[in-house]
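What Swiss-Prot says about this one:
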{"type": "BINDING", "residues": "Gly80, Asn111", "note": "anthranilate 1 binding site"}
{"type": "BINDING", "residues": "Gly80, 83-84, Thr88, 90-93, 108-116, Ser120", "note": "5-phospho-alpha-D-ribose 1-diphosphate binding site"}
{"type": "BINDING", "residues": "Ser92, Glu226", "note": "Mg(2+) 1 binding site"}
{"type": "BINDING", "residues": "Arg166", "note": "anthranilate 2 binding site"}
{"type": "BINDING", "residues": "Asp225, Glu226", "note": "Mg(2+) 2 binding site"}
Amino acid sequence: MFSELLKKIVSGQDLAEDETTTMMDAIMSGEVEVPAIAAFMAALATKGETFTELAGAARSMRRKATRIQVSSNTVVDTCGTGGDGASTFNISTTSAFVVAGCGVTVAKHGNRSVSSKCGSADVLEALGVKLDTHPEVVEQGIEEIGIGFLFAPMYHSAMRFAMPARQAVGIRSIFNMLGPLTNPAGANCQLLGVYDPKLTEMFAEALKLLGARKAYVVHGHDGLDEISICAPTRVSELAEGMVRTFDILPEQLNIEACDISELAGGDAEENAGITKSILEGTPGPKQDVVVVNAGAALVAAGVAEDFKDGMAKAKEAIQSGAALGKLEALVKFTQENG
């Protein structure tokens, strides 16, 4: 079956969602040899992935994942694809604490850096969060403090079967896209940054197929896989089962546009310092971009009417100390229970 479907991709035909799921199930069960996995990756990348293929692959990966149960009806993730090459600080990770500071349940999915100096796992580790916390403990932490970090390798062990092929081929493939679509806590509200403007609608449509309630998939025209405050941002909104795409400009949000260099980060230690400084209330462009992104996540969660309302709530969570309190609570909880 795998080889038949591979021939279909090679001939330039798109797969149905269930066909992609079948291929991924075979890969993630260890049934497929490395050369065939490499061929699958390369053929799909050459043809160009569709949103149905993306959803089909994500569905398989979700089924194989170690799941955690969260009692809240609203669970937010701010995990993006990464790979934008912009070398900014960890905007979406910092935003996650602000969202949690507004009383919204956050299950932040993430990993170590692939292409940047510092991934979400790297900065959280530098902040004192224990990464290798058992899923049951993470589940408990989300219930008790309202936020948890889901370190991808702890939940997606079946991905090990694809790793040799990924390392051998060395190209950006469908596997680079699946992280934000495979949250082990089943996050139903997302702010999802992507590395290419062509992916915003594709990811929003995939999230629709996967049953997300509301999501914003974003890409800054300056290349950021976040809502940018340096340039317009392309936004694909999934709401009430419909996807619509629009651009949003910094001035529409009453934010003073800045140069992207003002959002620069560094290694894990430097980025940890930036995150802490923002959550402690230091004003400036770095705090502004976090407020904008957290604000959008709050709209996705249904606790803010629009981006400006979300931004006001995000700013209040920083100024009141609630956002910093969530970081401190997560560090304490993982250190004591990890």
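Please read every residue number as a count from 1 along the shown chain.
Placement of Cβ uses the backbone N, Cα and C atoms for every residue, glycine included.
Model, not experiment: these values are computed from the prediction.
Its Cβ placed at the centre, Gly80 (anthranilate 1 binding site) has 28 other Cβ atoms within 10 Å. Look at His109 (5-phospho-alpha-D-ribose 1-diphosphate binding site): DSSP puts it in a strand. Looking at Asn111 (anthranilate 1 binding site) and Ser92 (5-phospho-alpha-D-ribose 1-diphosphate binding site), their Cα atoms lie 13 Å from each other. DSSP classifies Gly80 (anthranilate 1 binding site) as coil under the three-state reduction.
Of the candidate binding-site residues, Gly80, Thr88, Ser92, Arg112, Arg166, the one lying closest to Asp225 (Mg(2+) 2 binding site) when CA atoms are compared is Gly80.
When each of the binding-site residues Thr88, Ser92, Asn111 is scored by how many other Cβ atoms sit within 10 Å of its Cβ, Asn111 comes out lowest.
Within the same chain, the residues at least 6 positions away from Arg166 (anthranilate 2 binding site) whose Cβ sits under 8 Å from its Cβ are Met41, Ser173, Phe175, listed in sequence order. In this structure, the CA atom of Gly80 (anthranilate 1 binding site) is 8 Å away from the CA atom of Ser92 (5-phospho-alpha-D-ribose 1-diphosphate binding site).
Closest in space to Glu226 (Mg(2+) 1 binding site), of the binding-site residues given as Thr88, Ser92, His109, is Ser92, taking the CA atom of each residue.
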